[in-house]
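Going by TrEMBL, these are the annotated features:
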ACT_SITE  SER138  active site, phosphoserine intermediate
BINDING   ASP94, HIS201, SER203, GLU354  Mg(2+) binding site
BINDING   ASP94, ASP359, HIS363, ASP400, HIS401, HIS479  Zn(2+) binding site
REGION    26-45  region 'Disordered'
SIGNAL    1-22  signal peptide
Amino acid sequence: MFRLLNALLIAIVLIVAHPAWSAPECGRTPEECREHRMHPDMPEPERHSKAFRVVDGEETNAYWRQQGVEFVQQKLASEPNKRQAKNVILFLGDGMGVTTTSAARNLLGGEEKSLSFENFPFTGLSKTYSVDKIVPDSACTATAYLCGVKGQEGTIGVNGQVPRTDCKVMLDESTHVDSIAKWAMDAGKWAGLVTTTRVTHASPSGVYAHIAERDWENDAEVATDCGAGSGINDIAYQLARGEVGSKLKVIMGGGRKHFVDASLESWGKRTDGLNLIDEFKSASEKNVYVTTAAELAAVDVTKTDRLLGLFNDDHLQYLMETTEESSQPTLEQMTRKAIEYMSQNEQGYFLFIEGGRIDQAHHINQARMALNETIEFSKAIAAAQELTSEDDTLLVVTADHSHVFTYAGYSYRGSDVFGKTPVNGHDGKPYMVLSYANGPSYENFYDAETLERKDPTTVVKGAHDDEFPSGVPIDMDSHGGDDVPVYALGPWAHLFTGVYEQSTIPHMMAYASCVGDGHTMCK
């Protein structure tokens with residue numbers, strides 16, 4: 001009897017101590033009870049509390065039925081645009097998987113909101129695996145979505161015959177594959193790139209480089225792996241002097257350290273005596289080199305042959321880490337200037353624009369900055385849509401891969417997506433809406449002495465660089481292997497529906513714009 005009373009008292013204390021838990025109501029079979037726990041019936045919060053938000057009309061049948069009818073009507077009214085695409089802009093959200101876009105909507109005011117590109121009429125999914133890996137990196141994926149061929153992880157602009165860091169095989173030019181930027185230039189169009197990472201980083205390098213190792217961004221890195229006199233041109237060299245890189249009309253991002261010898265500038269990393277930035281400036285009086293947002297804004301595009309903007313020695317800063325003294329432009333500002341410049345060519349253009357730091361914030365488990373960078377990426381796409389016409393410009397938005405980023409926990413509408421869920425774990429401690437399967441934050445959320453989880457709300461305090469919990473301790477969170485979305489607007493955007501290989505993307509863009517040697521609408 002005493003044991004029974006004691007157990008009852010403990011149960012009452014637990015219920016009072018954790019009011020978010022609802023008392024179990026399961027008088028069914030064990031299997032039915034297990035299923036009930038999969039979908040917990042939690043108490044509703046007070047109607048006017050901070051953690052409860054309902055959009056006007058959501059509780060009525062008419063609201064949802066009208067939404068459905070309007071969507072069907074919108075689809076029925078749309079006709080495939082089968083005009084030739086004069087211009088193609090490919091937006092790449094690095095590491096921007098579906099959980100990232102879904103969670104980012106909360107920063108716009110709620111789960112029901114939409115990022116700018118989520119209103120594009122046609123969507124699909126691309127399969128991101130590489131020739132050798134189930135889960136890819138940003139190098140081999142760049143080869144896929146820019147060159148139309150899959151390669152091995154870590155390689156760029158070469159086919160699957162080239163192993164990563166192989167100093168011999170890549171010298172065989174028959175293994176090299178050209179990007180849609182070259183296809184566009186061969187057709188008389190202009191080509192350019194914009195990124196928030198180094199312009200020699202993995203994703204933008206796919207526009208112009210052929211390399212067996214993504215880290216060979218300067219000659220010193222090549223020499224470390226392959227020795228002096230290997231015959232391999234590093235990525236920065238290929239951007240400055242290569243067949244494609246030297247003809248790009250717009251290049252904007254970070255990474256100037258890879259273009260200058262260490263003996264010439266304290267921030268330089270090269271060892272071959274070259275200053276590739278000075279080379280660019282001296283090649284033409286009308287070549288314009290800028291290093292600040294103010295200088296970029298002042299550029300007269302009508303008097304510019306080529307535009308090079310390098311706004312940091314390394315990657316551009318995360319927007320949330322910029323200050324009033326920061327002089328770098330936003331991705332939207334770079335996008336606007338790039339389109340203003342490229343629109344001067346009557347033959348049209350191909351432009352690659354990357355929100356590259358979404359990925360890097362995820363790698364360090366900093367979800368707040370990753371989602372903020374996603375919002376900035378969305379702003380750049382909205383600007384492009386404003387400045388172009390869907391009659392003659394194809395906009396394609398996608399990601400190279402996802403991350404092991406989780407968005408979970410049955411939180412109430414209106415609650416903080418960066419906060420805790422309404423229920424606790426079996427250890428009595430809360431868990432967060434956002435978390436990662438692995439990454440460097442693990443030790444901050446696990447007490448190695450007591451072998452227990454720490455209360456994550458004592459670690460996540462609201463700072464821009466908060467780390468969110470991860471389940472497995474590794475140096476950097478890993479990419480995810482799930483398919484990534486593709487959104488399209490403009491000529492032949494309807495081609496981008498379905499589930500397809502990532503390497504199909506440039507072939508569809510080429511078909512719409514009549515570039516390359518493959519199948520096009522003009523043939």
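Cβ coordinates come from backbone N, Cα and C, glycine included.
What TrEMBL says about a protein is an automatic prediction, not a curated fact.
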Practice task
For the recorded Zn(2+) site, whose residues are ASP94, ASP359, HIS363, ASP400, HIS401, HIS479, find every other residue on that chain with a C-beta no more than 8 angstroms from the centre of their C-beta atoms, and list them by sequence position.
Solution key: GLY95, ASP137, SER138, ILE358, HIS362, ALA399, SER402, HIS403
Problem - Nearest-integer angstrom distance between the alpha carbons (Cα) of SER138 (active site, phosphoserine intermediate) and ASP359 (Zn(2+) binding site) - result: 9
Problem - Set of same-chain residues at least 6 away whose C-beta sits under 8 angstroms from GLU354 (Mg(2+) binding site) - result: PHE91, LEU92, GLY93, ASP94, LEU193, VAL194, THR195, THR196, THR197, SER203, PRO204
Fill in the blank from the handout: Sparsest Cβ environment (other Cβ within 10 Å) among binding-site residues HIS201, HIS363, HIS401 belongs to HIS363
Completion exercise
Residues near ASP400 (Zn(2+) binding site) by Cβ (under 8 Å) yet at least 6 apart in sequence within the same chain, in sequence order, are LEU92, ASP94, GLY95, THR128, PRO136, SER138, THR141, ALA142, TYR145, SER203, ASP359, VAL484, GLN502
Practice task
Write down the Cα-Cα distance for HIS201 (Mg(2+) binding site) and HIS401 (Zn(2+) binding site), rounded and given in Å.
Solution key: 16
